Amino acid sequence: MSWGTELWDQFDNLEKHTQWGIDFVEKYTKFVKERSEIELNYARQIRNLSKKYQPKKKEEDDNKYTWCRAFHSTLNELNDYAGQHEVIAENMTSQIIAELTRYAQEIKTERKTHFHDGRKAQQQIEASWKQLESCKRKFERDCKEADRAQQYFEKMDADINVTKADVEKARQQAQMRHQMASDSKNEYSSYLQKFNQEQNEHYYTIIPNIFQKIQAMEEKRIERMGESLKTFAEVDRQILPIIGKCLDGITQVAESIEPKNDSSQVIESYKSGFEPPGDVEFEDYGQAMKRTVSETSLTNSRPDNKPDRSSKGKSKTLWPFIKKNKGSNPEDFSHLPPEQRRKKLQAKIDDINKDIQKEMDQRDALTKMKEVYIKNPQMGDPSSVDPRLAEIAHNIEKLQAEAQKFEGWLAEVEGRMPVKSDPPRRTSALYETQNSTPPTNNNNCAQDRESPDGSYTEEPSSEVQTKVQPETAESGDEFDDADEEMLPTIGTCKALYPFEGVNEGTISVTEGELLYVIEEDKGDGWTRVRRNEEEEGYVPTTYVEVFLDSNAKDS
């Protein structure tokens, strides 16, 4: 089907239709541009999301768990996933938007040319038609004039009163008009033939050719639309394998999660090295009793005077309840439990040894360079290497001293690690007869000096040492208090207000809570209380209402 033969009289409608087609191309181009912007925004949001949940420096230790590593790998895959959506946007911009924008300009120019040619041909045929109409009207006028001239001649010829000269004049006038009519007829007939030829050429050659070009232009536009729609799908399809790899990567890291391994890592991370407490010994109250030290205490005698409680930061309770030190961590990792401390020290020693090896490698390389310079002075001055060699020697000496320091701490902590075959005993305060001899404790393991929050005391105690156990002099004064025998209760108290025991040696209480009093206020504003066998500490005296036992008051 050809537009030239079927739509020969639809010039205006074709002009509107082709303009609508170009508008549609521009509309589709705008659609792809907005889709491209959506892809870019989506990619940006995915990247921001991935960046937001990337582990911080303080969370780097989490990578020891497989589920953490899997999530971090998922974030990286998601970042690559976002990159593929950026590729979609880039390809749509270059392969569709840019191409269609350029093509729209070309088709506008081509359409303008075709319709200009069609309009020009239309104007020419219309002008030719007007010329034909003019010839036709002239022929009609000349024929009428010839008829009137003929009638006038016949009238003059029939009238006897008209002179012969007037009749001859009328005859000549009639002949002239007939000649003019004949000439007009010939001119009209000739131009009519010419117009018919032009009209036939216009409607069967010129217009069909122009419309055929317009039809080809329109079909090409439709074809380009189809190609663009196909490209629209292909741009997405091209990234599907990479998207699939990203998703496969997420699946693989998800399958790499090992719950048993992560569970073991928890043990490795938090294992303290302490042994569980042993059985509680029986306390015999049936005989005359006096306060003595427990079997697991580091000292068997204590000064008569009470410790100075004015410093609230000093621990007054057994080690399971000492608050964590919120200050900076010591260099020897003594704030950690034995097992964790051992691991940290070993890791530190390994790092130092690596640094030593690097320095030694540099020293060896420079030594070889110096030897080359000595043998070949033209290559360099051997003395130029000496400052760097001296610096490296100093660094190695410094690192070796540091390694020796940490190895000393490591040997110390390994020597104090508890033996599993000899679990510690948990004993409360023993009340024995005056003639009984306190047992000697030779099992001074790390538990006697460590708290589960990791505090560890290295300094020798300044407290008064016993003659029975001189080896306990290494114990810190802080834990000399921590390992004293459990004091008896001398009354009860009721908490009037809630108190948050955030400092070492204090205990948190809630309003209305009932506790046991084990030591009265000595004038410093603090009362020592016990919640149960293992929880005790100091609370402000003004926060509690104390009820002392009658025998305690008498004493």
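Note: Cβ is positioned from N, Cα and C throughout, glycine not excepted.
Of the candidate ranges 90-117, 118-145, 342-369, 370-397, TrEMBL annotates residues 342-369 with the feature coiled coil.
Using a Cβ-Cβ cut-off under 8 Å and counting only residues 6 or more beyond its ends in the same chain, the coiled coil (342-369) has close neighbours at 268, 273, 332-333, 336, 380, 385, 388-389, 392-393, 395-396, 399-400, 402-403, 406-407, 409-410, 413-414, 417. Within the domain 'SH3' (488-549), the DSSP-based counts of helix, strand and coil residues read 3 helix, 29 strand, 30 coil. Shown for the domain 'REM-1' (335-412): DSSP residue counts in helix, strand and coil, namely 72 helix, 0 strand, 6 coil.
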